[in-house]
Amino acid sequence: MSNNNKYYDKSFSPLGYVANGQKGVMRSINWNVINDPKDLEVWTRVTQNFWLPEKIPVSNDLKSWNELTPEWKQLVTRTFTGLTLLDTIQCTLGDIAQIPNSLTDHEQFVYANFSFMVGVHARSYGTIFSTLNTSDEIEEAHEWVINNEKLQARAKFLVPYYTSDDPLKSKIAAALMPGFLLYGGFYLPFYLAARGKLPNTSDIIRLILRDKVIHNYYSGYKYRLKVQKLPKEKQEEYKKFVFEILYKLIELEKDFLRELYDGFGLADEAIAFSLYNAGKFLQNCGYESPFTPEETKISPEVFAQLSARADENHDFFSGNGSSYIMGVTEETQDDDWEF
């Protein structure tokens, strides 16, 4: 902090005030003095990318939805309900848990924003259900979620780390959900969109994916900032932890995906898609991916869906996608009406 901001060292953020036994004075967040430029950069990108599922014409997918067999309809509905559970956990536990351990006041606000963003993702699946499904189908899917042991096992796995006394382990867990665990489910709408099915629904998934890329990148970045300050021995301990927790989660994910996609022939490539993104997660944390090209091989038509229609790629600084554009209002001048 510069000398012009002496107040900073004499005060606490509201969370810091509580952690200090409610002693001292609280400061307001100052967006005119940025401790870490990445906080403002990510905040700006997230707010520029803001979207709502109600703006996506999911009803245009009704024709192709009705062309699916009952088995495929159930698979889609269950897959999306499983994703809803993961986003429910991330919204109400994962991102909230990062706020008290933030390095800056602005990081607290970024994670508060992330929590809302993930809430929008969870809501978006509800929009899809209310458009495509009957009430009985929705009820069946939510019943399936609470009764599927393999789904529950992978969903519960990260919870103890979110609430851990170790902020770095919590940070890794917060990065694993948007960085790895969701992608086996994301694979299905991209597979269908490549075959002309549910294109507007897949647009929603692309928008979610765009947000997840930012989410995972930022958590990995904050993890690296903290780890690099530690002694080498401690750094190696955390590296070992990251790989151990990831490999355990991969096994849980494989078990779940093989059951989910049983009879549809999609499990192997969905697993490859998950491993591809597991490698990206590791890179965001500062580690090399151990996965071979063969392990992460995805069919070209599915891979192309990552950028189709939304006109996006995994460089989140490239801007909004074409599938969802927010309007910009500009006051007109007299000269504008001289044709």
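We count from 1, first residue shown onward.
Glycine residues also receive a Cβ, built from the backbone N, Cα and C atoms like all the rest.
A quick note: this is a predicted structure, and the numbers were derived from the prediction, not measured.
According to DSSP, HIS121 (Fe cation 1 binding site) is assigned to a helical segment. Residues annotated as Fe cation 1 binding site in Swiss-Prot, with similarity to another entry given as evidence: ASP87, HIS121.
Annotated active site per Swiss-Prot: TYR125, in sequence order. Take the CB of TYR125 (active site) and look out to 10 A: across all protein chains shown you find 25 other CB atoms.
Every protein chain considered, the tally of other Cβ atoms within 10 Å of the Cβ of HIS215 (Fe cation 2 binding site) stands at 28. Annotation source Swiss-Prot lists Fe cation 2 binding site at HIS215.
DSSP assigns ASP87 (Fe cation 1 binding site) to a helix in the three-state reduction.
Same-chain residues at least 6 positions away in sequence with a Cβ under 8 Å from that of HIS121 (Fe cation 1 binding site) are, in sequence order, ASP87, CYS91, ILE208, ASP211. Note: the CA-CA distance between HIS215 (Fe cation 2 binding site) and TYR125 (active site) rounds to 19 Å.
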